[in-house]
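To start, the structure under review is shown below, and the notes come after it.
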Amino acid sequence: MRLQIKDIKIIDPLQNRDLIGDIFVENGRIVSKFLGDADKVVDGRGKIAVPGLIDIHSHLREPGEERKETIYTGTRSAAKGGITTVFCMPNTKPVIDNAPTVEFVLLKAQKEGLVNVLPIGCATKGSHGVEISEIGVLKKAGIVAVSDDGLPIANSQIMRRTLEYTKMFKLPVISHGEDKELSKNGVMNEGKNSMILGLRGIPKQAEEVIISRDIMLAELTEGYLHIAHVSTAGSVELIRQAKKKSIKVTAETCPHYFTLTDDIVKGYNTNTKMNPPLRRQEDVDAIKQGLADGTIDCIATDHAPHMEEEKNREFDLAPFGIIGFETILSLILNELVDSGVLSLSKALSKMTSNPAKIFNLEGRGTLKEGNIADITIIDMKYSYEFKKENIVSKSKNSPFIGRKFKGGAVMTIVGGNIVWQV
């Protein structure tokens, strides 16, 4: 199909482009122009075209937990949020530690997915932290990184060997920063609020101990380390110092960590329970500073769907996690861009050019001629209330229900095809 987007503001962080013009798409690729008429013309006046957003951390739950989310419902939710590519974590049932499971996810996504789905493979077999997965086989099958997400690799020797082994394949190791002994039985941030609420806390050091260790191992091995869902000021500083030493470390955070504090847990709303937990205001401020100075490279959702009956339990018993596909862009615009923490271009780079570079995604992350036509169209004046009944994810576990937003995705284009529009 030939698609023309007319008179639209184009922002492409990688190419340092910020101009008004037309975008031409033919056979799923961006072209300079084409002869003849377009099959479809989109009026872009008053809107912004950006490279398709890439979410490097999500849980699609398929195979095994389709009652919470499926590849179809998850990618539909992502498309609504302006996301054109999602990475899915391997903690499915069965876990993604073998080629057939990778192939299942890719085939299912090809048949039913609205956006691109790229699997992350288990770093260790069964995510048990004992024996390294057959990473070469997984890479050949189509993974983009390895992780035992949800679990740290507790054995330092295994983590060292994983960093050494994955270096051969230029695959990042995604680290889940949590010392399970320090966080054991904890359900929220350890501090004044946990004492007042009578809830067992998770100290910041549970995250920082593992991040510190993994940075040291990345320095030792010269492997590629990516740190997931950074939530504390101490973690930001550890990563900042590692980058100053030219250690191969990159990092992500999530919107809830630059938007909410553990004060919101006072209502015992289980949709404020996630792992890592919400921290204090000084941590929120440090996350924002880390995004501004480049310490934190990416913003991801950690989209973690759970059924209402699972969340509608005592705070102690409810599972960790919230959904995030449908709110991430608006939260970035409202919390980071509108407040002046980041320019629009720099904010967008956290979900476009930076993830594409870190995870070697050829043809994505920029609107360069010849690239895959994954495009997100934003309307900064688009106002809406995030209502439970309008959520398209199979699960509804979000702390942002009822919040009013200004600015968001109004059209999502994947491979030259319009997969969502307001």
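Cβ atoms are placed via backbone N, Cα and C, with glycine included.
Remember, predicted model here, so these are calculated numbers, not experimental data.
The following features are taken from Swiss-Prot:
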type	residues	note
BINDING	His57, His59, Asp149, Asp302	Zn(2+) 1 binding site
BINDING	His59, Leu60, Arg61, Asn91, Asn275, His306, Phe320, Gly321	substrate binding site
BINDING	Asp149, His176, His229	Zn(2+) 2 binding site
ACT_SITE	Asp302	active site
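Here the features listed in Swiss-Prot are placed on the structure.
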residue : record                 : DSSP (3 states)
His59   : Zn(2+) 1 binding site  : coil
Asp149  : Zn(2+) 1 binding site  : coil
His176  : Zn(2+) 2 binding site  : coil
His229  : Zn(2+) 2 binding site  : coil
Asn275  : substrate binding site : coil
Asp302  : Zn(2+) 1 binding site  : coil
Phe320  : substrate binding site : coil
Rounded inter-Cα distance in Å - Asp149 (Zn(2+) 1 binding site), His176 (Zn(2+) 2 binding site): 5
Rounded to the nearest Å - Cα separation of Gly321 (substrate binding site) and His229 (Zn(2+) 2 binding site): 12
Between His176 (Zn(2+) 2 binding site) and His59 (Zn(2+) 1 binding site), the C-alpha gap once rounded to whole angstrom: 14
CB contacts for His57 (Zn(2+) 1 binding site) [other CB atoms within 10 A, all chains]: 28
Euclidean distance between Cα atoms of His59 (Zn(2+) 1 binding site) and Asn91 (substrate binding site), Å: 8
Remaining residues near the recorded Zn(2+) 2 site, that is with C-beta within 8 Å of the centroid of the site residues Asp149, His176, His229: His57, Met89, Ser147, Gly150, Ile174, Ser175, Gly177, Glu178, Ala228, Asp302
Cβ packing number for His229 (Zn(2+) 2 binding site), 10 Å threshold: 24
Shell of the Zn(2+) 1 site beyond His57, His59, Asp149, Asp302, same chain only (C-beta within 8 angstroms of their C-beta centre): Ser58, Met89, Gly150, Ala228, His229, Ala300, Thr301, His303, Ala304
Close in space, distant in sequence - Leu60 (substrate binding site), Cβ under 8 Å, 6 or more apart: Glu69, Thr70, Ile71, Gly74, Thr75, Val86, Cys88, Thr92, Val105, Val117
Spatial neighbour of His59 (Zn(2+) 1 binding site) that is closest, considering only the binding-site residues His229, Asn275, His306, Phe320 and their CA atoms: His306
In sequence order, the binding-site residues (His229, Asn275, His306, Phe320) whose C-alpha falls within 10 A of His57 (Zn(2+) 1 binding site): His229
